[in-house]
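A.B. asks: Shown below is the structure under consideration.
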Amino acid sequence: MQQLIHRIWYQGHQAKWLLLPLSGIFWFISYIRRLLFSFGFKQAQVLPVPVIVVGNITAGGSGKTPTVIYLIELLRQHGYKPGVISRGYGVNVDGVVAVTPNAKASDVGDEPAMIVARTQVPMVVGAKRVSAAQTLLTDFDVDVIISDDGLQHYALGRDIEIALVDGERRYGNHCLLPAGPLREGLWRLNSVDFVINNGGPAQNGEVLMALEPAPLCLVDNNLQDKFNQQNSVVAMAGIGNPQRFFNSISQLGYKVVKTVEFADHQAFDQKQLSDLSVQHSLLMTEKDAVKCRDFAQSNWWYLPVNAKLNSEFDHALLSQLQQVAQTKKGLSHGI
């Protein structure tokens with residue numbers, strides 16, 4: 001099914017015509033919902049601290065999680081105390097849940113587990129992002145909130161919007177779900193503050209982002225170790241764009257004898273992964289690693305990646321954030 005969807009969205013498969021009526025329904029529902037917020041029939045919850053939303057207008061992976069981690073580190077370097085909220089895709093969260101560094105991906109979602117394991121940032125997940133944000137403000141000392149995804153979650157007021165675009169796949173066939181990958185039309189990009197292009201080449205004022213690989217880490221203990229690149233590996237990925245990962249490790253010189261794709265956010269079966277690593281080491285993404293750390297074997301590895309953006313983006317974001325923070329601080333003091 002996943003391969004068929006990819007062919008429809010990105011390779012011109014004619015089955016898209018069968019799905020276009022459903023895309024029309026999707027457009028109508030999305031349009032009415034947005035109108036309700038635009039004309040005040042529904043109110044977005046405005047928070048007392050700046051809110052940065054990191055999302056995209058397409059379904060599937062585009063580099064949001066590395067971008068969120070980059071923002072956490074950038075804000076900390078400039079004296080901010082960021083916190084993060086997320087929906088926790090792939091899991092059923094009862095109410096809101098604070099994510100701890102040892103949280104299981106099966107309880108809070110793979111991206112939240114990865115983000116907190118990497119950064120120890122205060123983070124709350126929940127189906128209702130407004131409730132998650134309010135809990136974050138109540139229970140933690142934060143002065144800026146980053147929403148991991150949620151560009152289309154208009155109930156949450158936001159001050160800065162960052163949209164990610166996959167620089168290789170772009171917008172596919174330019175159709176709305178389910179005939180294409182779009183959650184909203186391309187017009188939506190005109191209203192965001194920054195469009196970040198993951199993998200380039202950048203177009204129309206987009207900010208170019210590169211994902212730089214770090215040394216491999218062992219899945220079972222999360223520690224960097226020296227991997228013998230003469231050893232063959234089975235590469236697996238359960239992410240939005242697994243081919244990007246497979247291409248990356250091949251370009252890095254790893255001897256890939258087999259690639260295995262899983263659905264995004266899919267829970268892994270211990271025996272299934274063990275069978276893949278009987279004769280070869282198993283190499284996966286960091287997001288996949290957090291889902292199988294409890295039963296990982298000694299020849300399972302993951303490839304960490306770090307987002308790299310230019311200083312012009314850093315300056316523009318920090319400048320805009322400072323203005324928002326000053327305005328909200330003034331309002332809280334009745335100025």
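Residue positions begin at 1 at the first shown residue.
Glycine residues also receive a Cβ, built from the backbone N, Cα and C atoms like all the rest.
Annotation source Swiss-Prot lists ATP binding site at Thr58, Ala59, Gly60, Gly61, Ser62, Gly63, Lys64, Thr65, citing sequence analysis.
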A.B. asks: Check the binding-site residues Gly60, Gly61, Gly63 for other C-beta atoms within 10 angstroms of each C-beta and report the one with the most.
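C.D. replies: Sorting the candidates by Cβ neighbours within 10 Å, the top entry is Gly63.
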A.B. asks: Fewest neighbouring Cβ atoms within 10 Å: which of the binding-site residues Thr58, Ser62, Thr65?
C.D. replies: Thr58
A.B. asks: Around the Cβ of Lys64 (ATP binding site), how many other Cβ atoms lie within 10 Å? Please give the count over every shown protein chain.
C.D. replies: 24
A.B. asks: With DSSP assignments reduced to helix, strand and coil, which class does Thr65 (ATP binding site) get?
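C.D. replies: SS state of Thr65 (ATP binding site) = helix.
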A.B. asks: Tally every other Cβ atom lying within 10 Å of the Cβ atom of Ala59 (ATP binding site).
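C.D. replies: Its Cβ has 17 other Cβ atoms within 10 Å.
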A.B. asks: Note the Cβ centroid of Thr58, Ala59, Gly60, Gly61, Ser62, Gly63, Lys64, Thr65, the recorded ATP site, then list each other residue of that chain whose Cβ lies within 8 Å of it, in sequence.
C.D. replies: Asn56, Leu164, Asp166, Asn198, Gly240, Asn241
